[in-house]
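J.: Pasting a structure here, questions to come.
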Amino acid sequence: MRALWVLGLCCVLLTFGSVRADDEVDVDGTVEEDLGKSREGSRTDDEVVQREEEAIQLDGLNASQIRELREKSEKFAFQAEVNRMMKLIINSLYKNKEIFLRELISNASDALDKIRLISLTDENALAGNEELTVKIKCDKEKNLLHVTDTGVGMTREELVKNLGTIAKSGTSEFLNKMTEAQEDGQSTSELIGQFGVGFYSAFLVADKVIVTSKHNNDTQHIWESDSNEFSVIADPRGNTLGRGTTITLVLKEEASDYLELDTIKNLVKKYSQFINFPIYVWSSKTETVEEPAEEEEAAKEDKEESDDEAAVEEEEDEKKPKTKKVEKTVWDWELMNDIKPIWQRPSKEVEEDEYKAFYKSFSKESDDPMAYIHFTAEGEVTFKSILFVPTSAPRGLFDEYGSKKSDYIKLYVRRVFITDDFHDMMPKYLNFVKGVVDSDDLPLNVSRETLQQHKLLKVIRKKLVRKTLDMIKKIADEKYNDTFWKEFGTNIKLGVIEDHSNRTRLAKLLRFQSSHHPSDMTSLDQYVERMKEKQDKIYFMAGASRKEAESSPFVERLLKKGYEVIYLTEPVDEYCIQALPEFDGKRFQNVAKEGVKFDESEKSKESREAVEKEFEPLLNWMKDKALKDKIEKAVVSQRLTESPCALVASQYGWSGNMERIMKAQAYQTGKDISTNYYASQKKTFEINPRHPLIRDMLRRVKEDEDDKTVSDLAVVLFETATLRSGYLLPDTKAYGDRIERMLRLSLNIDPDAKVEEEPEEEPEETTEDTAEDTEQDEEEEMDAGTDEEEQETAEKSTAEKDEL
């Protein structure tokens, strides 16, 4: 019997051990398997729902409470039109997803503005929470992003009404107009700006959006949506906010970058740096702190010191709590928008140092601005602005001029950054101006990319240009000439060419070198003040350098008579002056073209006519025979005093400087009709009747018109005049040959004398002999080496035989 009991007990123990072993196998298998690794079909729907609920639980709510909330919450369906709108927003309107944070912060700022206004008349409005802030917190573990404000909050009815529909009325009309605008290729930004749809940009990055809100007149409620439907329920946690709203985003997998602190901080500083209310981000930093040393370390040190009794007695009185330095990660709210929008204050209240500090922070420059202007524009559109002129031109200022977008002007709407991606907020020639523009009149459009289409921007642009030119005009003359003009002079010249409406204002800012002073720059106003009594034109000469311009034959008589001549030494200068029809009632005269006339008396006129009659044979001979295909006509010059002749362009032709510039254009293909027309224009050949060469030519022509030497001399004079007048020769070889012929004649060398031929060189035999000797020596050396090797081999073989 006892044996049976023992046997039964053993069976029970074996059975129990087997069950425990099976359980251990199952548990081990469950632990090792990664349940979140994949979403296999083997899972039940309840398991999936449970895992999602655990993933998106809010602070203070566990998974079961979340599930209970969803079961009891009141469900609402978006209207069909709202669904269309949602798809439009998510898929097409927002090209840049990062603006979701800008929109949420902007809405938070509006809510804070509302509660602040209410508090002015209701002293209890801020009782729930006195601080007015926006706080942003990233939760990487739960994949959540929280944006909390202490604004006015929303009641249950407002949650349904404001967040359940995109527009309270007119949604159908809006969609119809948007469809029509898209079909016509027009901008939809003006239409979108009429509807508050910024909140829905959250669905660009979130699968679900949860809004927790507390209004002073209602209990705290939770609104939740996945963009298909939404639900609202009272918050079982009670009043956790005090007052305000928390928007929680359950981010999409591809939007996980928005949980990075650096990303969030950069977006806040980019878009919301100048919001009126403080914006905080929950962030970490490493700090070094001192902590009491551990007891073990202190005991160890005491044990080591106890070896010396005297030392212990001396140090007992000096013992203090021992500390050590430890690095700790500390989490706290970090303020993001510490730079204040000084443009919101009256300019009289802002100190110069504040402008300089703001410029350095705003533009990331280390130097102070050269000039600035702070103003408020009113009228068709009201906006505030601060504009700056930098001390030096930005690098690559003219790279891709006209096609490159300028990002120096930043547009804000109610202190919310909208964009700096403009083609035409400022004209191209003012692409160096930096500043901010803040308007309350512009709509916070959904599609900021098309904002530049807005009609009010044209008004803003016009006022910005006027204020910029006023700012530049006020720069002191010394500072303007020495600094501004060196850095931005080309921009002003381009402005004269491009900006017709402001051409007169820009002309007053022009500076050029002139014959009045060897180095100082002069303005057109100063030139006009120094003009001679009967002078009715502003004279200018264009050249590659000042030296070339002032040594040109065209300015000889002008300078001799005391007229001031402006020197144009930059490639854009002549274009600039051509774009100016006149200045202060005085027209411009290019001294390298026809039209230069001097006031002369009757006696001078009679003398000139007599000279023209005297040289008529030479002039006709040049025009009809010697230079028949090269010039339009030949005339006696009034502008030459030292040079024998010059080549003068017609009033609408190219000067030598302009022709050189046009031919240097990289895109010049020769197919442009107007270019070919100007390039093919014949010039007027002017001669100096007092020059000895010209007088001798007249004598020779009268003696023999068919003299080849005289014909060659005429052509050489023409080609020399072409070069001295700034033009290029089409055939430089022919010009060189003619110069050589003239030199031969001047040295009494026969023009047909040939160049002596070089003597033929005999072949050098010594080189070949030396090569043969060298080869023979090499062969003898090789033979000698071979004999020595054979002898060594024979001796070695004999020695081996002897050993054997």
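Glycine too: its Cβ is placed from the backbone N, Cα and C atoms.
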J.: Of the candidates ASN107, ASN228, ASN239, which does Swiss-Prot annotate as part of the ATP site that also includes ASP149, ASN162, PHE199?
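T.: So the ATP site in Swiss-Prot includes ASP149, ASN162, PHE199 plus, from the candidates ASN107, ASN228, ASN239, ASN107.
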J.: Averaged over the motif 'Prevents secretion from ER' (801-804), what pLDDT does the predicted model reach?
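T.: The average pLDDT of the model in the motif 'Prevents secretion from ER' (801-804) works out to 42.
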J.: How long is the line from the C-alpha of ASN217 (N-linked glycosylation site) to the C-alpha of LYS633 (N6-succinyllysine), rounded to the nearest angstrom?
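T.: Taking the Cα atoms only, ASN217 (N-linked glycosylation site) lies 96 Å from LYS633 (N6-succinyllysine).
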J.: Tell me which residues of the chain lie with their Cβ under 8 angstroms from that of ASN502 (N-linked glycosylation site), as long as they are six or more apart in sequence?
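T.: VAL465, ARG466, LEU469, GLY495 - these are the non-local Cβ neighbours of ASN502 (N-linked glycosylation site), listed in sequence order.
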J.: Between LYS633 (N6-succinyllysine) and ASN481 (N-linked glycosylation site), what C-alpha distance do you get in Å?
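T.: With distance taken Cα to Cα, ASN481 (N-linked glycosylation site) is 43 Å from LYS633 (N6-succinyllysine).
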J.: Minimum Cβ neighbour count within 10 Å among the glycosylation sites ASN107, ASN217, ASN481: which residue?
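T.: Selected from the glycosylation sites ASN107, ASN217, ASN481 on minimum Cβ neighbours within 10 Å: ASN217.
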J.: Using a 10 Å radius around each Cβ and counting other Cβ atoms from all shown chains, which of the modified residues LYS479, LYS633 yields the largest count?
T.: LYS633
J.: Check the DSSP secondary structure of LYS633 (N6-succinyllysine), expressed as helix, strand or coil.
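T.: Once the DSSP labels are grouped into three classes, LYS633 (N6-succinyllysine) ends up as strand.
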